[in-house]
Amino acid sequence: MSFVAYEELIKEGDTAILSLGHGAMVAVRVQRGAQTQTRHGVLRHSVDLIGRPFGSKVTCGRGGWVYVLHPTPELWTLNLPHRTQILYSTDIALLTMMLELRPGSVVCESGTGSGSVSHAIIRTIAPTGHLHTVEFHQQRAERAREEFQEHRVGRWVTVLNQDVCRSGFGVSHVADAVFLDIPSPWEAVGHAWDALKVEGGRFCSFSPCIEQVQRTCQALAACGFSELSTLEVLPQVYNVRTVSLPVPDLGARPGPDAAPFRSGTPMKETVGHTGYLTFATKTPG
């Protein structure tokens with residue numbers, strides 16, 4: 001099992017996502033002899049998981065069933081153990097596009113946190129790229145390093161435990177893109193400039209408050225970055241249904257009493273503010 005490449009059969013040591021129905025999911029580490037309790041009954045790893053294909057429908061102890069899904073960065077984001085606040089797939093998709101990430105890209109990131117963005121970046125830049133991720137908190141850095149090895153993506157990532165605002169990313173002039181998710185990104189802008197390639201690259205920072213964005217933009221402009229822009233992603237879900245309205249009688253011949261048509265109306269409850277994504281470009285020179 002790898003978050004980068006699909007594998008058909010479940011093996012010991014794999015991470016599997018159990019879909020329990022109605023949107024409920026849980027991530028489990030598959031171990032021989034282990035058991036997982038679900039609302040549908042017990043799931044025995046040796047009998048019910050190991051050797052089965054990913055995507056299998058497995059019957060639990062009480063007669064209920066679950067689907068065993070292959071892990072992806074998107075599913076991991078929804079099921080990971082939270083060590084910090086995380087970014088979700090909507091923001092991750094935008095920053096991946098705006099940073100122009102592709103296989104072979106070299107990326108510098110801070111902070112690692114729970115690894116939500118890290119897994120998505122690794123999947124995008126593999127098999128020839130590399131991620132340099134910096135985490136200030138020692139225990140979070142150690143746990144992230146362990147997870148990358150468990151998920152078999154360790155070859156594409158280097159984890160450093162240091163303060164990026166003081167010590168930088170540990171590399172110079174190698175990165176195609178830099179991503180910051182830290183409380184004071186403006187203090188790391190200079191290190192981001194040094195980490196990016198001499199021929200240029202892309203920068204992104206995530207901040208929940210507009211005051212953080214203002215200070216970051218000032219630092220970016222002072223450092224020489226150009227093409228500054230700040231975006232906020234607010235998805236709007238629409239409810240589409242068929243409705244019928246009465247048709248007025250406008251002539252001598254009788255017509256239909258009502259006519260159906262498709263109507264789309266926005267849902268009353270939508271996802272609110274998560275944060276601002278600020279982008280900039282380091283140009284050659």
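Residue positions begin at 1 at the first shown residue.
Here the Cβ of each residue, glycine as well, is placed from N, Cα and C on the backbone.
For the S-adenosyl-L-methionine site, Swiss-Prot lists Ser114, Gly115, Ser116, Glu135, Arg140, Asp163, Val164, Asp181; matching the candidates Leu78, Leu87, Leu94, Leu95 against that entry yields Leu87.
The stretch that Swiss-Prot tags with region 'Substrate', taken from the ranges 85-89, 105-109, 230-234, is 85-89. From the options 110-117, 278-285, the stretch Swiss-Prot describes as region 'Substrate' is 110-117. Looking only at the recorded positions Ser2, Gly115, Asp163, the one with its C-alpha closest to Thr274 (substrate binding site) is Gly115.
Candidate binding-site residues: Glu135, Asp163, Asp181. Fewest other C-beta atoms within 10 angstroms, Asp163. It is 25 Å from the Cα atom of Asp181 (S-adenosyl-L-methionine binding site) to that of Ser2 (N-acetylserine).
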